[in-house]
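Over in TrEMBL, the protein carries these features:
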- 175: active site, glycyl thioester intermediate (ACT_SITE)
- 26-31, 50, 58-61, 74, 119-124: ATP binding site (BINDING)
- 160, 163, 438, 441: Zn(2+) binding site (BINDING)
- 8-438: domain 'THIF-type NAD/FAD binding fold' (DOMAIN)
- 334-373: domain 'Ubiquitin-activating enzyme SCCH' (DOMAIN)
- 487-535: region 'Disordered' (REGION)
C-alpha cells in the first residue's frame, strides 16, 4: 500500500495515515470508492457504516458488490471486498443506522476524521451535528449525475451542513394528486401517501381519497355518490382509508375495489373535472389486462426491475405486498407504524404496483419498478466516474486534515461542463466561514430572560415532536433560586394525538428533568413512535 512505500508520502503524512482512525458513513457509490482509496493509501484503522442491503440496481456503479452479494449488507460486503486488496487492514463494519443511539458524541470522538457518503438529508444533518458536538473534522460529499461537491466541515472554522437553507423538495397540488393525475410522478406520490394511510403514520394532509373541495369540480361534487346506497365494500360512506382498511382486515381484493373502482366511480361523478380531460376507467378485480399495451420487453436482456409489469402482474404484486406489509404491521408494538423505505422489497413493490395501476386507469404511461424507485426515492441517476472523482477528492482533503493544513481544504465542485476558465473541478478561493445566525453551529448565546413560569419550546426535527419546557421556581436558597424544569411532549400537526395525563402527572413517554444546582437527572426517556421496516 502507498503509505508503506518509502517516498510516496512525506514522513509526517505517512505516519498520520498509519496511525489515524477514520470513519466512513455510507457504503454506496461514493462510499465504496472512498473505502478503496483509503485501503490503497495505507490507512490501517477504518470503520464503515451503512443500513442498506445490496440491490441489483447498485451493481452498475458500486464496484465492491457483485451479483452474488444481492440482499446482503452493504457495509459488511464492502469490508470483505476491500480486505481482498489488503488483508492486513483493520476494517470494522456496522450494518446499522448512523442515527442510532449507539453512535453518539463519544463514538465520533474516537476518529481523526469522518467522511460522509450519504444519500439523504436527515442522516447528513445528524452526522453534521455529531461531528460539531465531538469537534471532529467532517468531509461532506455528494454527486448528482455528472456533478458533485466536497467540503470540509469544522467547528467554528467553516460553515456546517445546515448553515444555509437547502432547496425544498418539489411538491404537487393535493387536488392533482387525488383527483386529476396527468404524469407518472403524480401516481407515485399518491401511492406513497397511500402507503402511509394504510401502514404508516397517518397524516391528514396526505389523504388519498377523492377531493370534493377541488376548485375544478362543481360545488356539490360527489353528492350523488354520497346519497347512494352504502355497501360493505367501502367508499360510498366516505370513511377514511385507514378505517376502511382495518374493517376489511386489509383484504387485497376489498382494498383494490375501493381504491381502483369505487373511488374512481366517485371521481367520475364530479362531472366538471372531465369536461376537458379524458375520464378515468374504473377497474374490476380479476378483470384486468395481462399485457402492456405497445410494449414488448419479454426478453432475457431486460433486467427484472427494468421490466414494465402488466396490470395483471401489478394486481398480483399489490395483493402479495399488502399481505406482507399487514403481517409486518401486526408484529409492531402498539402505537408503532411502518416507515416507507425504497430499499424494502414489500414497501417498494406496493408503491410500484399501485402507481402503475392508477396510471393505467388515468391513461398515463406505466413505468418500470427501477424507474419508480428512482422517482419515489428522489434518486438522481448516479455516474460511476463522478463518484470516483469525488471520492478521490475526499481522501485528498483527508490528507490535508491529518497534516493540520485545514486552510487547504476549500470546498471543491465537479461541474457538468468546463467553466469560463476551461476547468471542471473548481475549488473555492478560500474556506467559507460559518453563518453567524446558524442555529446548529453558531457559538453566539442568546439571553432569553428565563424567569419563574417561563415556557420554552424545544423542537426535535428527527423524532417529529415538540417539548414544552416549563420553568418553575421552587424556593430561594443562599446560593440563589432553585428551579424545576418539566418537559411535556406535544404532538406536531399530522402526528398521533398525545393524551395529557390528569392531575399534572406524566406518563412513561414524557421527559421529566429536574435541575438542582446545575445537576440534572432524567427519570424517563421519550420513545420514538415509528420504526423502520424490517429487512
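Heads up, the Cβ atoms here are built off N, Cα and C, so glycines get one too.
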To the nearest whole angstrom, state the Cα distance for the pair residue 122 (ATP binding site) and residue 160 (Zn(2+) binding site).
14
Number of Cβ atoms other than its own within 10 Å, given for residue 50 (ATP binding site):
27
Top Cα neighbour of residue 163 (Zn(2+) binding site) in the set of recorded positions 29, 119, 175:
119
What average pLDDT does the predicted model assign to the domain 'THIF-type NAD/FAD binding fold' (8-438)?
88
Between residue 50 (ATP binding site) and residue 160 (Zn(2+) binding site), the C-alpha gap once rounded to whole angstrom:
22
Quick one: Cα separation, residue 441 (Zn(2+) binding site) versus residue 119 (ATP binding site), in Å?
22
For the recorded Zn(2+) site, whose residues are 160, 163, 438, 441, find every other residue on that chain with a C-beta no more than 8 angstroms from the centre of their C-beta atoms, and list them by sequence position.
132, 159, 161, 162, 434, 435, 440, 442
Identify, in sequence order, the residues in the chain of residue 160 (Zn(2+) binding site) that are 6 or more apart from it along the sequence and have a CB within less than 8 Å of its CB; answer 'none' if there are none.
128, 132, 153, 434, 438, 440, 441
Can you count helix, strand and coil residues in the domain 'Ubiquitin-activating enzyme SCCH' (334-373) using DSSP?
22 helix, 0 strand, 18 coil
Go through the binding-site residues 26, 29, 119 and tell me which ones have a CA within 10 A of the CA of the residue listed as 'active site, glycyl thioester intermediate'.
none
